[in-house]
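Chemist: Dropping the structure in here first, questions after.
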Amino acid sequence: MARLLLVLVLAVAAAVAQSLPAHVSAAPSPSWSYRCGWCPRRSTASLLPPDAGILIGAACGYCDPADLAADGGFHIATVSAGFFHSGRACGACYQLRCRDRGACAEDGVKVVVVADVAKPATDTNRTGGSQFQLTKDAFAALTASRDDGQLRSLVDAAVNVDFRRIPCAYKSKNLAVRVDETSSRNRGHLALRFLYHGGQTDIVAVEVAQAAALGAAQSAAAPSPMNWQYMTRHQGSPGGWRTSRAPAGPLQLRLVVTAGSGSKWLRAEGAMLPAKWQPGAVYDTGLRVTEVAANTCGSASCSAGDDNHDDE
């Protein structure tokens, strides 16, 4: 009987041991491995002005920032002009957390940059170059404010925060391209902005070519490399790219994004823009960007400033 009891105990123990690794491996894990550490400089977060409204997304081409936030699970934010880098920060995602850990939510808040805001001339107390302004919902999530009364008491406050760049993730949206209203098919002028840019990469080059018409014969050499026309950054349009030599549509795009410690080409099969593309329209590229680039950490994402590291 004692031997039988011992056998049963060992069998149960073995079954538990076999089930344990499966249970551990099935435990939820972060959807992203954050590559960037916290930026060495401090910043501030404050409430957006009440009159900012939905137009705050217009600078980066987002017509409905609320839709952007809902699909990605991120709140929206604007940043100071110096941190905006003439639009290169458009669509970048950040995690903010209060430096006073006890006063705010433990994990802080995740935001996506949709515009820049001018720094008030009377603002002399905030650190330079990297201020964030948040919507009411984002600020409430950061500060763990439970009611409007608490938020109203913080309207004129600037909370000291740590920040770092993190990957963006969109549940149902591919990388999209918005044709700026200044574009003209007749004049061959094309100005674009990319939206819903996932992962943690930067677009460093864009080229456009005429795509083969639907049903047209395809050859191994078409389109040839000579068909591609490079686009330049559009300084007057945040996050924009343009060319005055766009071919007739339909149009195909290819772009270079930073990835890992280098870069890679992205290109979808077929046309991204139809033959009769329209200014102001948004087109789905069919591409999903998920890479994380090493060079998106550091000064490129933390803005200019001193290199003195604060303790985390």
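Numbers run from 1 along the shown chain.
Positions of Cβ are set from backbone N, Cα and C atoms, glycine also.
Keep in mind that TrEMBL annotations are predicted by a computer and have not been checked by a curator.
According to TrEMBL, the domain 'Expansin-like EG45' annotation covers 57-173. According to TrEMBL, the feature domain 'Expansin-like CBD' maps to 188-285. Under the heading signal peptide, TrEMBL lists 1-17.
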Chemist: For the domain 'Expansin-like EG45' (57-173), what is the mean per-residue pLDDT, to the nearest integer?
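Modeler: Mean pLDDT across the domain 'Expansin-like EG45' (57-173) comes out at 76.
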Chemist: Is it possible to list how many residues within the domain 'Expansin-like CBD' (188-285) are helical, extended or coil according to DSSP?
Modeler: 3 helix, 48 strand, 47 coil
